[in-house]
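Asks: According to TrEMBL, the feature Mg(2+) binding site maps to 149, 209. The transmembrane segment feature in TrEMBL is assigned to 6-27, 48-65, 99-117, 129-149, 210-227, 276-304, 310-332, 376-394, 448-467, 479-496, 502-520, 527-547 (among others).
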């Protein structure tokens, strides 16, 4: 599991660090999303974030995941899709050219990596022949890729629902004993998390087709790897629940277009998120509603992972029908109220409708639940946490000591200079400090304090961070806090996966990465409490390493 920690943190770090410079380069590269009839935003926004997601996800897989044939095929296929995605974001390719790229990538993993759908629901023991398995696999991968791609219509939407699906797949991969699939899932989780720090409403950058196609493609490959292993015990239909909202939305939209005599590939504003906006909901409310629906689907997938195909099918159909009925009912209420308004009746005051207002009230309650915590609390907690971790750090190796010393030197250079390199050196030193002190202090902490209070402290620190994010002018998000709250509620699903030492590294690292970004974004001077704590922490770690080595 130590390798899993490295994969997750490395992908998170790479993605978070790459997004800002890629946003600045979007204009010169022509990777800008301009307002249009089907667009929600009113100003041009960079859509180069997908590049950060792909690089952040593939780099740890390339260096840290065992190079099995399916892993190598995934890397090659993802690169092919990456090229098509960047070209599409730059030149707005025809959908047939995009489809060619998706089919090519799918064929590479299916033929070159042996990632094939060889069994179907309701058919036990029968292996599909190759002439059926291969085209079916390509069709499914392309379908899921497009489902996630088409869901990328609101700030943080595609990334958030993909993240929920990937978390479920990572747990299933771990419990199923597939370290390669686990590594791919964790790398995609980290890269997506790092990107969402900049993509939640109001978005500073979009992932573009480069990011949304990669997330859909990677999720599709993982679904097949996890559920189609010869020794798998998981139900064949649980992917329908894991990818519940994107697949349901794509299917209903295409059926609606065909019934209207239109091409199923013709873009319009009939997606679920568009329909929620037509109710008068804000982007935030629509995204949170879809997050909750997707989280319920993912939870059902995990709870029913050993259930029969028939039971999974019944639950999926029931959930889908209930969701469609709810949205349809809300739309009918709006239509009736709009008609009443045109006739001058009092019903115009009920435009959103009672049920819709009830849902919006619940969403607003979730936001209020997070609360508002003063920024000074964050400025105290983060430096104290870093220094405490450095003082408790034990068994500091020479390699870690040199890493701390080099990072310390880099931070000093960053503080003394005003070059473009300062941005990278500053964050590198901060992230090295967080990862090092948390990993080295995990065992001493567990010997002093039980895991429960420690996790409670970092959860509290997380809420402080997200409260400050929502109130800061330099760093503002709105849906990411809710997404993380949902993930915290789903955390018990991974019991046994992040036990003990590793749970005390992963969760605090993610929290502190975000907290440090908040503090760096709002800093007023060149040297503050955060920088002093990083300098001292790195110095302590380096001294412990070299002094301990001399004593030996």
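Heads up, residue numbers simply count up from 1 along the chain you see.
Even glycines carry a Cβ here, placed using N, Cα and C.
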Asks: Do the transmembrane segment (310-332) and the transmembrane segment (376-394) share at least 3 Cβ pairs under 8 Å, sequence separation 6 or more?
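Replies: Contact between the transmembrane segment (376-394) and the transmembrane segment (310-332): absent, because fewer than 3 Cβ pairs are under 8 Å.
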Asks: Taking residues 6+ outside the transmembrane segment (129-149), which of them lie with a CB under 8 Å of any CB in it?
Replies: 81, 99, 102-103, 105-107, 109-111, 115-118, 158, 161-162, 209, 212-213, 215-217, 219-221, 223-224, 243, 246-247, 249-250
Asks: If you draw a 10 Å sphere around the Cβ of residue 209 (Mg(2+) binding site), how many other Cβ atoms fall inside it, taking every protein chain shown into account?
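Replies: There are 24 of them.
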Asks: May I ask for the residues of the chain that lie six or more residues beyond the transmembrane segment (527-547) and have a Cβ under 8 Å from a Cβ within it?
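Replies: Long-range Cβ neighbours of the transmembrane segment (527-547): 379-380, 382-384, 386-387, 389-391, 393, 396-398, 400-402, 404-405, 407-408, 411-412, 415, 429-430, 432-433, 436-437, 440, 516, 519-520.
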Asks: Under a three-state reduction of DSSP output, how is residue 209 (Mg(2+) binding site) classified: helix, strand, or coil?
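Replies: In three-state terms, residue 209 (Mg(2+) binding site) counts as helix.
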Asks: Using DSSP with the three-state reduction, classify residue 149 (Mg(2+) binding site) as helix, strand or coil.
Replies: helix
Asks: Would you mind listing the long-range same-chain contacts of the transmembrane segment (6-27), meaning Cβ under 8 Å and 6+ residues beyond its ends?
Replies: 46-49, 51-53, 55-57, 59-61, 64-65, 183, 186-195, 197-198, 204-205, 423-424, 427-428, 431, 435, 506, 509-510, 513, 517
Asks: Other than its close neighbours in sequence, what residues sit by the transmembrane segment (376-394), given a CB gap under 8 Å and a spacing of at least six beyond its ends?
Replies: 433-434, 436-438, 440-441, 443-445, 448, 461, 464-465, 468, 508, 512, 515-516, 518-519, 528-530, 532-534, 536-538, 540-541, 544
Asks: Give the nonlocal contacts of the transmembrane segment (48-65) in its own chain as ranges (CB under 8 Å, at least six residues past its ends).
Replies: 3, 6-7, 10-15, 18-19, 22-23, 25-26, 29, 31, 71, 74-75, 78-79, 82, 85-86, 89, 179-180, 183-184, 186-188, 190-192, 194-195, 198-199, 205-215, 218
Asks: List, in sequence order, the same-chain residues at least six positions removed whose CB sits under 8 Å from that of residue 149 (Mg(2+) binding site)?
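Replies: Counting only residues 6 or more apart in sequence, the Cβ neighbours of residue 149 (Mg(2+) binding site) under 8 Å are 158, 209, 212, 213, 216.
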Asks: Apart from its near flanks, which chain residues at least 6 from the ends of the transmembrane segment (502-520) lie with a Cβ under 8 angstroms of it?
Replies: 1-2, 4-5, 8-9, 12-13, 16, 193, 197, 378-379, 381-382, 385-386, 426-427, 430-431, 434-435, 438-439, 442, 445-446, 451, 454-455, 458-459, 461-462, 464-466, 468-469, 472, 475, 528, 530
